[in-house]
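Taking it in order: structure first as structure tokens, then the write-up.
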Amino acid sequence: MACFVVVALLVLLSLSGLEAIQHAPKIQVYSRHPAENGKPNFLNCYVSGFHPSDIEVDLLKNGKKIEKVEHSDLSFSKDWSFYLLYYTEFTPNEKDEYACRVSHVTFSTPKTVKWDRNL
């Protein structure tokens, strides 16, 4: 019996060092409709393929966090990676820059992807 307890403890100790595989998120920033200056639109940031699920996503206007942002529920794909959609209403113009900033354990610093109005 004592041998079984020792073996069980060794197995548990070895398992505690295992960590889930980490996957960096793919970040896509796009508008719902083609950009037209002065015409209301939606800015989307689709973050996909990441693991673990703990993530921070911010939409930015001229480098500052946009406060009125909504998002989908956290969902997962067949491969157990996660995805989310963050979005907000905005009205594009020539001077403002928009971006999506993502913080995840796979990044040493937050990653920012700018919106390209021509995509």
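Along the chain as shown, the residues are counted starting at 1.
Backbone N, Cα and C define each Cβ position, glycine as well.
Checking Cys3, Cys45 against Swiss-Prot, the residue bonded to Cys100 by a disulphide is Cys45.
Of the disulfide-bonded residues Cys45, Cys100, Cys45 has the largest number of other Cβ atoms within 10 Å of its own Cβ.
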